[in-house]
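Following this message is one structure expressed as structure tokens.
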Amino acid sequence: MSNSVISVVSRFLEEYTSTTPNKLKVVDSYLLYILLTGALQFLYCLLVGTFPFNSFLSGFISCVGSFILAVCLRIQINPQNKGDFLSISPERAFADFLFAHTVLHLVVMNFIG
Amino acid sequence: MERSRLLGWFLLNLALAGAQALTPAHHLSLPDVARLQSLLSQQFTDLESAYHSVVGLTKLGAAVPDHDHVCQFLKSQLDPTSVDSVFFAAETSQAISGCEIPVSNETRDILLAAVSEDSTMAQIHRAVSALSSLGLPVVSQEVVVSVWLTARLSQQAELGGILEEIEDLTARLDDLGGIYLQFEEGLEATAMFVTAAYSLSDHVDMEPPLKEDQVIQLVNSIFSKKSWDSLAEAFSVASAAAALSSNRFHVPVIVSAHGPATVSHSQPTLQLLVTDVMSQPLASANVLVESAYAVASKSVILSQASFTLNDGVYELNFMSTQPASGYYQFTIAVTGDSRLVANHVELKVKVSTEVAITSMDLSVVDKDQSIGTKTTRVDYPSKAKSSFIADSHQNFAMSFQLVDVNTGVELTPHQTFVRLHNQKTGQEVVFVAEPDSKSLYKFELDTAERKSEFDSISGTYSLCLIVGDATLENPILWNVADVVLKFVDEEAPATIQSKTLYVPKPEIQHLFREPEKKPPTVVSNTFTALVLSPFLLLLILWFKLGANISSFSFSPSTILFHVGHAATLGLMYVYWTHLNMFQTLKYLAFIGGVTFLAGNRMLAQKAVKRIAAEQSSRLAKYRSLR
């Protein structure tokens with residue numbers, strides 16, 4: 001049973017490293033980074049308590065929001081999805097990504113206290 | 001200041017103003033007259049105060065001491081060139097007998113010259129008064145009058161017309177709550193107005209156009225002030241008092257009870273003082289009770305009974321009609337002089353009596369009525385010989401009657417209390433004894449029911465009866481008997497704590513908000529480092545992937561974009577530390593706009609480059625395929 005899981009995972013990783021273009025791998029590493037940051041924040045909150053609850057929330061929401069925006073960016077710049085996003089060039093996707101981040105960080109900074 | 005005091009009185013008297021005819025609320029009582037006299041008898045230092053003193057005292061009917069000294073003073077202080085000085089001296093010399101002020105021709109000419117159109121009213125008045133007091137001929141009446149009239153009043157040339165001016169002046173008086181009428185200039189002006197109005201009316205023998213109510217209101221205003229600021233004010237009040245007591249048309253009457261308005265068997269006559277505003281007895285007056293009715297039952301008890309004059313006091317033997325005790329409303333009329341004003345007065349008279357307690361019966365009744373009751377009779381003021389014992393199975397009962405000593409009528413006074421006082425602990429409990437339909441008072445003490453009031457403390461209680469009322473002359477506090485009460489569930493006899501109302505209360509400790517429990521700094525720091533560590537991981541991954549900035553073109557839009565972007569991130573930090581949302585939005589609008597434009601430019605350039613690269617690669621592929 002575990003054998004098959006390991007083989008599936010290793011197969012997946014192999015295919016990933018070979019077929020994914022570099023640009024997407026850059027974005028994927030960024031996604032991993034955001035994920036780890038959010039997970040660590042959550043762990044801290046579980047361990048120590050929610051004392052400055054607003055700070056915890058703003059930090060966590062920032063991670064979640066950034067993750068979502070990065071995923072959107074990845075979808076939009078993936079050449080395989082070009083057919084779905086005919087009117088949106090990668091540059092446009094990046095510009096949207098930046099604008100949305102500005103708004104997100106404005107809110108996060110307001111809430112961080 | 002005066003007005004605020006008057007307003008205070010207004011509020012107090014508003015309830016009384018009611019529907020009754022207006023009667024004077026203030027007048028000069030004998031002590032007031034004495035005080036006025038002593039103020040006017042002060043040593044005078046100049047002619048004006050001499051005038052006020054001497055003439056004022058004369059108006060009050062008091063004797064002026066030492067006429068010669070006054071006369072010498074007048075002669076020495078006289079300034080023959082001043083109209084005012086001559087006026088004061090002349091008027092004062094008129095008031096005291098045997099004093100002649102020598103007047104020279106120059107003085108006379110000065111006085112006559114003052115009677116002209118250029119002079120003020122006061123100057124004309126003083127000049128003419130001086131001339132007439134000194135016995136000098138005033139040029140002619142008509143000249144004086146016409147000068148006076150053209151200078152001040154309407155075109156009418158007859159003296160009687162001036163009387164109507166009184167009506168105009170009266171309209172200028174301020175009405176305070178229907179009780180006071182006075183000029184806003186103050187007491188002195190009001191008093192001098194009254195004096196002038198009545199002296200003018202007397203002179204022309206025509207009734208002044210003042211209504212009765214207005215006269216009374218003027219009386220209230222003038223005599224409400226009982227201490228006077230200046231000699232001039234005292235003089236004006238004295239003049240007004242003299243005018244109101246002895247003019248030919250309106251004489252306000254003051255009716256007041258001599259002592260308390262109470263009548264009883266020991267004091268059967270109702271005594272009244274009927275005077276004028278200066279507390280002088282009226283020359284001729286008949287005092288009559290028009291009707292008297294009991295306040296409680298509204299039945300008329302007396303009608304058209306006249307008072308008899310006895311040594312300056314009007315008396316009526318009210319007890320001869322044998323009134324029951326209580327309050328009676330009298331309507332009193334003073335007749336005999338057509339000038340009298342406010343001569344119908346309402347007076348409340350109290351008839352008091354003495355009470356006696358009869359048939360005081362005490363008994364201890366068993367609750368289940370199995371044992372017959374034993375009734376003990378006690379006579380006032382002795383005490384029952386043996387004490388009564390009542391425990392929770394028994395009731396203690398008391399009954400008595402209250403009668404009027406003189407008439408034998410049963411009474412129901414306001415206060416009939418039964419007080420039980422524990423001799424040992426000092427506790428006292430008070431109950432009310434209620435009369436039944438036959439005016440027989442009954443009191444029953446159910447030991448079981450009432451134990452909470454006694455705090456269940458058994459012991460000997462002394463029983464007292466308290467009887468009181470406003471119309472009783474002999475209130476009673478009578479220790480009737482001793483009662484031993486036995487309660488069940490007796491708690492340990494606690495000493496009665498005195499009322500702890502005024503003892504300092506326990507202090508409230510304020511609990512400040514506890515700061516939240518924070519984790520130790522070590523933990524926080526560790527986690528801060530942990531949270532920042534994925535960034536390192538990111539950099540390592542990017543390096544491994546070969547992400548680089550080799551295609552960084554140094555065009556102005558690129559640089560501007562990056563600078564703008566960095567500025568936005570910096571603004572976020574500054575927002576966190578210093579700014580509020582509005583300021584941030586302001587800066588962000590500016591920086592964001594710049595960044596957007598530059599970024600747009602930069603990305604467009606990149607897009608162009610990318611499309612060109614794609615096209616060239618496609619071209620190369622196509623070529624290789626061929």
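Glycine residues also receive a Cβ, built from the backbone N, Cα and C atoms like all the rest.
TrEMBL lists these features:
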type	residues	note
SIGNAL	B:1-21	signal peptide
DOMAIN	B:30-144	domain 'Ribophorin II N-terminal'
DOMAIN	B:151-245	domain 'Ribophorin II N-terminal'
DOMAIN	B:253-351	domain 'Ribophorin II second'
DOMAIN	B:359-485	domain 'Ribophorin II third'
DOMAIN	B:512-610	domain 'Ribophorin II C-terminal'
TRANSMEM	B:527-547	transmembrane segment
TRANSMEM	B:559-578	transmembrane segment
TRANSMEM	B:584-603	transmembrane segment
Reported in the order helix, strand, coil, what are the DSSP residue counts of the domain 'Ribophorin II N-terminal' (B:151-245)?
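Helix, strand, coil within the domain 'Ribophorin II N-terminal' (B:151-245): 60 helix, 6 strand, 29 coil.
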Quickly jot the same-chain residues contacting the transmembrane segment (B:584-603) by Cβ under 8 Å, restricted to those at least six beyond its ends, or write none.
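Distant contacts of the transmembrane segment (B:584-603): 555, 557-558, 560-561, 564-565, 567-568, 571, 574-575.
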Which one of these stretches, B:30-144, B:359-485, B:512-610, has the most C-beta pairs shorter than 8 Å to the domain 'Ribophorin II second' (B:253-351)?
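Out of the listed stretches, B:359-485 contacts the domain 'Ribophorin II second' (B:253-351) most.
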Using DSSP, tally how many residues of the domain 'Ribophorin II N-terminal' (B:30-144) sit in helix, strand and coil.
76 helix, 0 strand, 39 coil
Near the transmembrane segment (B:559-578), which residues from the same chain, at least 6 beyond its ends, have a CB less than 8 A from one of its CBs?
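Answer is 584, 587-588, 591-592, 594-595, 598-599, 601-602.
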Would you mind splitting the domain 'Ribophorin II C-terminal' (B:512-610) into helix, strand and coil residue counts from DSSP?
77 helix, 0 strand, 22 coil
Please work out the helix, strand and coil residue numbers for the domain 'Ribophorin II third' (B:359-485) from the DSSP assignment.
0 helix, 71 strand, 56 coil
Summarise the domain 'Ribophorin II second' (B:253-351) by DSSP state, stating how many residues are helix, strand and coil.
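Its residues divide into 3 helix, 58 strand, 38 coil.
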Express the predicted model's confidence over the domain 'Ribophorin II third' (B:359-485) as a mean pLDDT, rounded to an integer.
85
